[in-house]
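A.B. asks: Handing you this structure, nothing more for now.
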Amino acid sequence: MELAPVNLSEGNGSDPEPPAEPRPLFGIGVENFITLVVFGLIFAMGVLGNSLVITVLARSKPGKPRSTTNLFILNLSIADLAYLLFCIPFQATVYALPTWVLGAFICKFIHYFFTVSMLVSIFTLAAMSVDRYVAIVHSRRSSSLRVSRNALLGVGFIWALSIAMASPVAYYQRLFHRDSNQTFCWEHWPNQLHKKAYVVCTFVFGYLLPLLLICFCYAKVLNHLHKKLKNMSKKSEASKKKTAQTVLVVVVVFGISWLPHHVIHLWAEFGAFPLTPASFFFRITAHCLAYSNSSVNPIIYAFLSENFRKAYKQVFKCRVCNESPHGDAKEKNRIDTPPSTNCTHV
């Protein structure tokens, strides 16, 4: 489902021939260099940030169950980290090299996992919004519903559904060879009606409907909080509002980050996507926005969650403490016990 930066055949799938004389516009130059620098920054920030989130959430007391929200955040971070490690370095070669050199398997895998990661992210965010809805609107029943077992089952279902939905991308992604010894990795569907149907279904079920579900859940949450504001303790009110705010910001950022990607796909399938400097810039921006979504969530947690900030600091303190053989045992025990995040207590 990912549009290649050098050709549009992946976008419309109608013709495996590249645009005539694309090098003056799409050749390696200042634009591609800047894009590679942006990719490098996204990769470095995302790998560091998501690794930190995973470390924080993995450091729980033995035998203590993790909260459902934290399990979903952990799943989101794992999906983002895997995407950054497996996709961005390979996709960057498209901007750096004039031809595809990584073979058929990598051609299929990176575009397939790109779509899998996108779907896992939006489905996880939808699950988190439902989790917030149950925790706040149906708080009396939430203790029996919001358990680790149900969250893990949900995570398993999310991955299975995403893997299945993305499978056509892997099937139709293939290599095309030109007489000039150039190779391109393109998505090509023999039946264009099937391609159009798949693009629409991916947009509807992998973007639009999950966002509508998220909007519904948060509308209910905000309405409930407004009605029950007087009956809540200030501490409980602040905790629930902060958790809902954090998840909501993550959702809004996801929606903004992935909207240009879907616009380009729908435009390429049902319109005449132009090959102009402006459209090339739009495509580059869509790529960078989609990729950056995998690196911004840890920053959001740091800005909106005081407990996440404390946990981040404790990860580094723990490393310093482990390197000091004469550290105080009591202080080390305190550091080794991670604080809960705002998402833990609801």
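Yeah, the Cβs are placed from backbone N, Cα and C, and that goes for glycine too.
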A.B. asks: Could you confirm whether, in Swiss-Prot, the topological domain containing ALA219 has the same name as the one containing SER139, so that both are on the same side of the membrane?
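C.D. replies: Same side, per Swiss-Prot.
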A.B. asks: Check Swiss-Prot and name the cysteine among CYS107, CYS215, CYS217 that pairs with CYS185 in a disulfide.
C.D. replies: CYS107
A.B. asks: Between ASN7, ASN293, ASN322, which does Swiss-Prot record as N-linked glycosylation site?
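C.D. replies: The residue tagged N-linked glycosylation site by Swiss-Prot is ASN7.
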A.B. asks: With pairs restricted to those 6 or more apart in sequence, evaluate whether the transmembrane segment (270-290) and the transmembrane segment (34-54) have 3+ C-beta pairs under 8 Å.
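C.D. replies: Per Cβ check, the transmembrane segment (270-290) touches the transmembrane segment (34-54).
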A.B. asks: Determine how many residues of the topological domain 'Extracellular' (91-108) DSSP places in helix, in strand and in coil.
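C.D. replies: Residue counts in helix, strand and coil order: 12 helix, 0 strand, 6 coil.
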A.B. asks: In sequence order, which residues at least six apart in the same chain have a CB under 8 Å from the CB of CYS107 (disulfide bond)?
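C.D. replies: Non-local contacts for CYS107 (disulfide bond): TRP100, GLN173, ARG174, LEU175, CYS185.
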A.B. asks: Which residue counts does DSSP give the topological domain 'Extracellular' (172-196) for helix, strand and coil?
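C.D. replies: Here the numbers are 6 helix, 10 strand, 9 coil.
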A.B. asks: I'd like the per-state residue tally for the topological domain 'Cytoplasmic' (131-150) from DSSP, helix first, then strand, then coil.
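C.D. replies: Helix, strand and coil residues of the topological domain 'Cytoplasmic' (131-150) number 17 helix, 0 strand, 3 coil.
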